[in-house]
C-alpha cells in the first residue's frame, strides 16, 4: 500500500479541520491517487480544469459567440442516467429503508465498496470539494465535502453548488459536514491511455443515513456523481428533516405576483420530465401576472417563527433535461443558457460549434449526435439522448427572484403535486385539508420517463415525486408529512394549500386537452384566487375542482367540451384506481399511517355515493 505521505499535495491542505484532514488522508491512502488537489472554486481553476478536460477529449469547447465559456460532453453510452437498481439506502435496520429502496447492511456495503475503492484512483488526481447546500449565511449552513477523481465533477459542482475556498473558510475547524466519496472506478496503469469518458460497469450509489455518508462508484453521470444534488439534498437531507422536523423535497419554488401586486409562493413536486423546470420559469400568458424563479428541482422547507412553512432552494445551478426545452416551452431557460458558463451533456453538436436537441425548431442539415456519429434529419435515431442535460448557473436566470438569496427562504402558500397521466386525473384538484393533501401526494402517479434507466410509459406510483429519493421508509415519510401538518399549533390556515395537477390528460383521439406551458399560468391564477377566497370550485369525490366558469380560458383555442373533459372526475375511472391504491398502500404494512387508509375508505364511500 502507498503511504499517504507519498501522495503529492496531501500535506498542503488549506485547512486545519481535524476530522476533514483525517478523512482526506484515509481516502488518499485507500484510493492511491497520484496527487491531491483542494478545489478552490476560482475562475483560474475553472479555466485550468476545462482546458485539461478539452485536451483529454472529455469536453469540447463550444463556439464562444454562441455559448461563451461553455462546453460539451459525451458520456459512455452505458452511463447516461441515474441507476435506481444500483442505488442503496444502507440504514442500520433494514426496516428503515422500507419497500421502495434497495438495502444492504452498512458494514457489508462498506466492505464491498472499500475493496472497489482500493487503488481506484491510481494514475489520477483526487479532488477535495468543500461545498454548501443553500446559503452559507444560513443559521445552520449545510456543509458537505465531496472527494472525487473526476475533473468533470469538479467543474459541474462549481456550477451546481456554492463551493471552494470560501466554503472551507466558513467551515472553520469544527463544522459538521456530509462525507461524499465518489470515484469513476477507472485506475490508470503507468503509460495507459485514458478514454474520453472513463467509468466502470460496476456501479454503486450508496447512502448511509445514520452517519450522513454517501459513497458512489463507477458512474460519472451527474445524478450519480454530483453528490450534493439528489444524494445529499434529497436522500440524506430527507433523513435529516425527519430527525429535525423539516422537509427535503423534490420541488420547484416559484414566486407569483398578481396584477394587484399581491405576492404568493408556490412549491411543486413533479416526477422527472413532467415540466417542473418549465413551470419554475413560467412566462404567464394572461395579462398582469408575473412569475419569478426561486428553484427548479429541490426545496428544503422549515417552519418560520410566524408558524408558516418557509422554503429555500439549496442548489446554485440548474441541471435540466435538454430535449423539450426550447424557446416555446421555456424561453427563460434558453436565455439562461445563452449567457454561457454551462456544460451540456449528451446533446448534439452543430457544425458551427453550438448545441442542438430535439424540439429546438428545424433540425440542421448535419449534426454530430450524442454518440459521436454523423446525423441528418433522415437518421433513424434521435440526435440527443432522451436524458441529455444542461448544467448552468441559476444566477444567470433572467427571472430569478431576489428572494432566492434569502437564507430564511420564502413562505409557501400552495404545494402542487403533479404527474403525467393521459386519463383519470383532472387538470387541477384542491385538497380538502392537509391530511387529504398528504393522501394526494402519497398516491401521486405518473407514466415513467427517460430520466431513470428502465421501461418508459408505465404508470407507477411516485409519492410526492420522491420515489427514488426518500432516504428512509416511505411509510414513515408519509407519517412525517402528517406530523408536519401539526406544526402550526392547530392553525391549519398557516399551512400551504395542496393541489394535484395534470397537464397531460388526453382526449379520445390521443391529443392533449390542455395547451400547457405558459398557459399553466391560468391554473396558477385559479389557485391564487382560491387562496384569496375569490374563485369558485365544485366539490367532487376526489376534492375541489374549478367551477365551469372559474378557470380563465379567454383567448384559448379550447371548446367548452374540452374544458369539461379536462376537469372531469370520471367515477368509473376512479373506482378502477382504488384497487391500485390499495395494492400500493399494502406495500407499507403497519408503517402506513392509519389516516391514509381512512382517506382511501372515505374516497371509496364518496365514489359509491356518486355512482348511485
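Quick reminder: no glycine exception, Cβ is built from N, Cα and C everywhere.
Source: prediction; values computed, not measured.
Residues annotated as active site in Swiss-Prot, with sequence analysis given as evidence: 274. Look at Swiss-Prot and you will find 82, 221, 222, 223, 272, 387, 388, 389 tagged as substrate binding site. Residues or ranges marked as Mn(2+) binding site in Swiss-Prot (evidence: sequence analysis): 230, 250, 297. For 273, 274, 275, 276, 277, 278, 389, 420, 517, 518, 519, 520, the entry in Swiss-Prot reads GTP binding site.
Nearest to residue 250 (Mn(2+) binding site) in space, judged by Cα atoms and limited to the binding-site residues 223, 387, 517, is 223. DSSP assigns residue 221 (substrate binding site) to coil in the three-state reduction, outside any helix or strand. Cα separation, residue 519 (GTP binding site) to the residue listed as 'active site', rounded: 15 Å. Most buried of the recorded positions 273, 274, judged by other Cβ atoms within 10 Å, is 274. Relative to residue 387 (substrate binding site), the binding-site residues with Cα atoms inside 10 Å are 273, the candidates having been 230, 273, 275, 297, 517. The closest partner of residue 82 (substrate binding site) among the recorded positions, by CA position, is 230; the full candidate set was 230, 274, 275, 297. Distance between Cα atoms for residue 222 (substrate binding site) and residue 297 (Mn(2+) binding site): 14 Å, as a whole number.
Rounded to the nearest whole angstrom, the C-alpha distance between residue 230 (Mn(2+) binding site) and residue 223 (substrate binding site) is 7. Cα-Cα distance from residue 272 (substrate binding site) to residue 297 (Mn(2+) binding site): 9 Å (rounded to the nearest whole number). The most densely surrounded of the binding-site residues 221, 517, judged by C-beta neighbours within 10 angstroms, is 221.
Cβ environment of residue 223 (substrate binding site): 81, 82, 229, 230, 319 lie under 8 Å away, each six or more residues apart in the same chain. The Cβ of residue 297 (Mn(2+) binding site) lies under 8 Å from the Cβ of 229, 250, 251, 252, 276, 277, 313, 315, 318, 319, each on the same chain and at least six residues away in sequence. Classification of residue 273 (GTP binding site) by DSSP places it in coil, neither helical nor stranded. A straight line from the CA of residue 389 (substrate binding site) to the CA of residue 517 (GTP binding site) spans 20 Å.
Closest in space to residue 388 (substrate binding site), of the recorded positions given as 273, 274, 275, 517, is 273, taking the CA atom of each residue.
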